[in-house]
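Peer 1: Pulled the feature table from Swiss-Prot, pasting it below:
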| type | residues | note |
| --- | --- | --- |
| BINDING | GLY68, PRO69, SER70, GLY71, CYS72, GLY73, LYS74, SER75 | ATP binding site |
| COMPBIAS | 1-25 | compositional bias 'Polar residues' |
| DOMAIN | 36-277 | domain 'ABC transporter' |
| REGION | 1-26 | region 'Disordered' |
Amino acid sequence: MKALNANISTMSEVSRSATPQSDSPAQAEVTPEVCIRIANFNAWYGSFQAIHNLSLDVPRNQVTAFIGPSGCGKSTLLRWINRMNDIVPSANSRGTLMIDELDVLAQTTDVVNLRRRVGMVFQKPNPFPKSIYDNVAFGPKLHLYLSRAELDELVEWSLRKAAVWDEVKDRLHAPALGLSGGQQQRLCIARAIAVGPEVLLMDEPCSALDPASTLAIEDLIYELREQYTIVMVTHNMQQASRCSDRTAFFFEGKLVESGPTQDVFTKPQEKRTDDYVRGRFG
């Protein structure tokens, strides 16, 4: 397993140096290291401007929640972080979007490598029509040079990390589509982390799940922040307050306010933020 961990660690350390982690979230708030830097960012779909001159720093190894009413630009921004909007013909952007020293928007950026470094978990679980094992092994087979034994170890490690190993260990070669919704979503998280990403993007990861599965995913998100930088879009105010370290509130394509989650929810600086978190609109 040492060789396997070294292989994954080497990939995760590309373009940045290892940084000691704080012992507690409170310490991390003092001088958080920036993982994602967004400056003067604008985005369009055709002639419609979805994001207006947005600037935001996303700290490393924390959970940052994007909140705001539908159409406010939060999912658009999330999808630009790993260039998912490249597949939208009318999508265009301008500004600065950096992950460490990587210029995400540069035409020379290797998008395949970018999406390995920046994993994505979608609103609806989307396992491949393959076995549970093959879902997790798919990415590593493309990006890593592993023996079968190392691949087996990585699949187990990823499923354990995603808190689903005990539920699937005796049926790894069964169809992934036979899992429950909550299990499928945790499988998708395992699939995302199997290639050693630095960042995990989550777009409404619990909206299609029952309360018990939602709680399991929320607990998992909070644990994963120790190793990954997580950016989560959610319409669920309680969820944002429970499992994020920082919150950014968007309205009509603009960033209204961002800061420690407790501050945004209990002592917001902007009236629109206060109205939104209190449920006066949305």
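Here, residue 1 is simply the first one shown, and the rest follow in order.
In case you wondered, yes, glycine gets a Cβ from its N, Cα and C as well.
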Peer 1: Other residues near the ATP site, CB within 8 A of the CB centroid of GLY68, PRO69, SER70, GLY71, CYS72, GLY73, LYS74, SER75?
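Peer 2: Result: THR76, PHE250, PHE251.
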Peer 1: Using a 10 Å cut-off, grab the number of neighbouring Cβ atoms around the Cβ of SER75 (ATP binding site), all chains included.
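Peer 2: A 10 Å sphere around the Cβ of SER75 (ATP binding site) contains 20 other Cβ atoms.
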Peer 1: According to DSSP, does LYS74 (ATP binding site) sit in a helix, a strand, or coil?
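Peer 2: Note: LYS74 (ATP binding site) is helical by DSSP.
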Peer 1: Taking the Cβ of GLY71 (ATP binding site) as the centre, how many other Cβ atoms fall within a 10 Å radius?
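Peer 2: There are 13 such Cβ atoms around GLY71 (ATP binding site).
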